[in-house]
Amino acid sequence: MTIIMWAHLSVCTHQVRRTPGHTFPTTAQFLRTERLSGSGAFLIPYMLMAVFGGVPLFYMELALGQFHRVGAIPIWKNICPIFKGIGFSICMINLYVAFYYNTIIAWALFYFCSSFARTLPWASCNNPWNTPSCLSYFEDGNVSWTNFSKSPAEEFYMRHVLQVQNSHGLSDVGEIRWQLLLCLFLIFTTVYFSLWKGIKTSGKVVWVTATLPYIVLLILLIRGATLPGAWRGIVFYLQPDWQKLKSMAVWVDAAAQIFFSLGPGFGVLLALASYNPFNNNCYRDAIVTSLVNCFTSFLSGFVIFTVLGYMAEMRHMDVAEVAKGKGPSLLFITYPEALANMTGSSFFAILFFLMMVTLGLDSTFGGLEAVITALMDEYPQVLGERRQLFVLGLITLCFLGSLTTLTNGGPYIVKLLEEFGAGCSILAVVFLEAIAVSWFYGMQQFCSDVRAMLGFGPGLYWQVCWRVVSPATLAFILISSLLDQPALVLFDYQYPVWSIRLGHLIGVSSFLCIPTYMVYKLVWTPGSLKQRLALCLRPEKTARELTLEVVDVPAPL
């Protein structure tokens with residue numbers, strides 16, 4: 001079950017708005033969405049969207065990759081050639097994600113290295129980067145907290161790790177942080193030596209990056225459950241707010257969360273499934289991996305909220321006040337602050353940030369392998385014997401593309417790429433993919449392919465989801481996301497209008513690969529317009545046709 005060990009079970013990073021992402025499931029976003037959408041009640045729309053939307057598309061991509069044995073670009077020759085631009089769009093989106101995603105891993109690596117200290121550097125206000133506004137709840141029980149007060153963990157993150165005080169927004173991003181540059185270099189070096197020789201090397205590494213986090217999660221869960229006030233966090237996590245189910249935004253958030261958690265549309269499933277044996281039970285893999293994915297997000301909620309309950313107990317506050325942080329603050333401020341005030345704080349901080357780094361690497365392996373497989377399968381004559389050199393070039397490109405995110409104003413660039421790098425474009429890609437397979441390639445043909453691999457075909461439930469329910473759900477999310485675009489704000493910095501336009505340009509640039517290739521294909525295909533359309537919509541050479549040609553070759557006389 002090769003695909004299972006590659007399952008993208010990331011619990012350490014956040015993706016783009018309403019969790020469009022690589023990337024990669026992200027429990028941080030799951031917890032934030034769950035908290036804002038009625039706590040325990042959010043699980044109802046979340047599970048419904050998983051059953052009728054996310055899991056069917058997950059299964060579809062596994063089956064496509066396993067049957068056709070190629071990556072996200074050349075696979076469209078066998079499905080519907082005019083949609084080949086989807087593959088190029090997927091590669092561009094993965095590159096945009098790589099430009100910011102690995103910077104977040106670099107932040108986690110910086111924290112990991114900083115954790116090897118007798119006293120964690122974000123445990124007190126007695127550091128060179130602290131300001132008079134720094135105030136610790138835990139040092140003095142009689143502190144007077146104001147709207148201008150900052151915790152030691154917040155100032156460590158803002159003023160030491162990121163040093164955003166030296167930037168004035170996107171118009172003045174400041175200098176590159178050499179410490180983060182070194183962390184990012186180590187990240188990409190690890191990625192290169194994990195991917196340079198192919199799936200066999202990276203598969204061995206993934207056994208560590210995909211299994212170690214579960215051990216760490218279990219340790220942190222046990223520790224969190226023994227803290228005073230942990231029960232308050234659990235109650236807050238599970239207590240439903242049924243009124244929130246009446247809000248359309250909750251259902252949109254649930255659908256977006258599950259789609260971007262399971263990750264169809266990023267080419268990862270197509271690429272990794274292409275390495276599976278032809279008769280591998282991808283149906284079982286889809287069900288098991290989806291269940292593990294959802295369970296991991298749910299379990300991680302207990303890990304986080306037991307600690308938030310402890311913080312609420314120590315601060316004499318409601319859990320809602322402690323848990324109100326958004327984006328990276330939960331992972332880089334709130335949770336580290338709680339760790340710093342536990343017994344054995346350094347040990348648990350090392351475990352936590354080691355988990356974040358390994359999960360981040362696991363996600364990066366999948367995203368870049370999707371690009372590598374797609375391009376090498378598309379251009380085998382050029383890249384077939386040059387994998388190591390090609391991977392080096394790709395990693396170098398990603399490293400150079402990430403340099404601006406390492407500046408003092410880098411977090412603003414990370415946020416911009418996070419919002420627009422995938423976002424609506426990946427939703428549109430998955431929507432067109434589902435339409436192309438179900439309606440142009442044909443449901444009968446696709447079910448026949450699955451039957452050839454597994455010995456049984458998909459049932460009526462799967463076919464209805466693929467043809468109607470999943471595309472409709474994607475269209476619903478896409479339209480809702482386009483109509484509801486709140487102002488972009490980070491650290492009280494209001495993004496200027498020109499930056500939002502730049503973000504839209506980034507988002508559109510990847511999607512434009514699809515109509516551009518359609519025009520190119522129609523122009524260069526010979527014949528009348530009707531003949532061109534017929535040829536562009538018909539598979540060039542399917543695996544079945546190739547097999548029949550071999551079988552029908554007459555024996556030599």
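Including glycine, each Cβ sits where the backbone N, Cα and C put it.
Annotated Na(+) binding in TrEMBL involves Asn293, Leu359, Asp362, Ser363 plus, out of the candidates Ser261, Ser329, Ser402, the residue Ser261. Candidates considered were Cys113, Cys125; TrEMBL assigns the disulfide partner of Cys134 as Cys125. Segment contact holds for the transmembrane segment (207-234) and the transmembrane segment (347-368), given three or more CB pairs below 8 angstroms at sequence separation of 6 or more. Ranking the binding-site residues Asn293, Ser363 by how many Cβ atoms sit within 10 Å of each one's Cβ puts Ser363 at the top.
Within 10 Å of the C-beta of Leu359 (Na(+) binding site) we count 28 further C-beta atoms, all protein chains included. The Cβ of Ser261 (Na(+) binding site) has 30 other Cβ atoms within 10 Å, all protein chains considered. With Cys125 (disulfide bond) as the anchor, the candidate binding-site residues are Ser261, Asn293, Leu359, Asp362, and the one with the nearest CA is Leu359. The transmembrane segment (287-312) shares more Cβ pairs under 8 Å with 42-64 than with any other stretch in the list 42-64, 347-368, 420-443, 464-483.
Ranked by the number of CB pairs under 8 Å to the transmembrane segment (85-112), the listed stretches 42-64, 347-368, 389-414, 464-483, 503-523 are led by 347-368.
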